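One structure is given here, and the rest of the page talks about it.
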Amino acid sequence: MKPISLTQFLIEQQREGRINADLRLLIEVVARACKRISIAVGKGALGGVLGSAGTENVQGETQKKLDVLSNEILLEANAWGGHLAALASEEMDDPHPIPDRYPKGEYLLVFDPLDGSSNIDVNISVGTIFSVLRCPEGVKNPDEKAFLQPGTQQVAAGYAVYGSSTVLVLTLGDGVHQFTLDREQGNFPLTHSRLRIPEDTSEFAINMSNMRHWEPPMRRYIEELLAGKTGPRGRDFNMRWVASMVADVHRILTRGGIFIYPRDLKDPGKPGKLRLMYEANPMAFIVEQAGGAATTGRERILDITPAQLHQRVPVFLGSKNEVERVTGYHLAADRAGEPA
Ligand code: AHM
Ligand code: MG
């Protein structure tokens, strides 16, 4: 049977009363923008888009040309449809208002336009991550404060991976669905419904080069995995690290695993590398909807009330039993009063 397209899927969701016309339009527009980004990424050196843009974002990171281009594509695509009240992005210091000449809608869109961008120039998968919130009632010109809602308030979240194929993974709060870009037809047929992350896994994803900066419970957990069959876990564990969160999370959604970017004492001012609002929250929503778990090592990610748009958090997500185990190690160390 021919798979249904993203458009059909969204219309069905609307008919079932799960989303309204504005949210349907929003997801369609984001998917269209992802298609354009996918085309730009796919051109590689031929598109003249590789390399640095020579600018820095608010986090002090050097922007790649494709970071800037992807951000512009998402901004432009979403400005005029009337479905948004404002947008915010990893690449912009402050929220971006909808220009006055366009109607405003009830949603807020937050995104990382090109996640894993250190991988662009070496032809490894990158992606886009997005999260949708409701604009608080009565707020006409949403500022940063309007965005500072816990992840439990997300009405939709998703990501695209620009890899050997381009996939779009989406949750509207009722399971996780995967669409694959048909490059000839230009649409996104539904290729997997109701993805489930196995509760157990023997695969972990972490940047091991930071090990000396980790907290003791974190080191304990990884040392036990590395000890393999003859260690306390009694089995061998495999490791994978793409250094693109989208690609690592997508592998976990496909075959299980645990992804960790822990708190790092290298820079005590930073409670983690990844950003809460446009990396951790949308991924946590997706992972929970697929039966997995997502914590900071101490608390559920989706329960955090953000204090800042670009706030960072430690991230532990994926197969439930592993996330619960390593979270338990952190909480036990805290209870025992172990120094960090
Ligand atoms: P980015 O949004 O600037 O690309 O940074 C986030 C990325 C994640 O995709 C990935 O998991 C992590 O940074 C990789 O970090 P590291 O360079 O320490 O391996
Ligand atoms: Mg990112």
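Any Cβ shown, glycine's included, is placed from N, Cα and C.
Among LYS35, LYS43, LYS273, the residue that TrEMBL places alongside ASP115, GLY116, SER117, SER118, ASN207 at the substrate binding site is LYS273.
Record check: TrEMBL places ASP112, ASP115 at the Mg(2+) 2 site, and the matching candidate among GLU224, GLU279, GLU288, GLU299 is GLU279. Of the residues proposed, GLU90, GLU91, GLU106, the one TrEMBL records at the same Mg(2+) 1 site as ASP112, LEU114 is GLU90.
Using DSSP to sort the residues of the domain 'Fructose-1-6-bisphosphatase class 1 C-terminal' (197-329) gives these counts of helix, strand and coil: 59 helix, 21 strand, 53 coil.
Cβ contacts within 10 Å of SER118 (substrate binding site), excluding its own Cβ and spanning all protein chains shown: 13. In this structure, the C-alpha atom of GLY116 (substrate binding site) lies 11 angstrom from that of GLU279 (Mg(2+) 2 binding site).
The number of other Cβ atoms within 10 Å of the Cβ belonging to GLU90 (Mg(2+) 1 binding site), over all protein chains shown, comes to 25. Same-chain residues that are not part of ASP115, GLY116, SER117, SER118, ASN207, LYS273 yet have a Cβ within 8 Å of the Cβ center of the substrate site turn out to be ASN119, ALA243, SER244, MET245. Summary of the Mg(2+) 2 site environment: with the site residues ASP112, ASP115, GLU279 set aside, the chain residues having Cβ atoms within 8 Å of the Cβ mean position are GLU90, PHE111, GLY116, GLY127, THR128, ILE129, TYR159, MET245, VAL246, LEU274, ARG275, TYR278.
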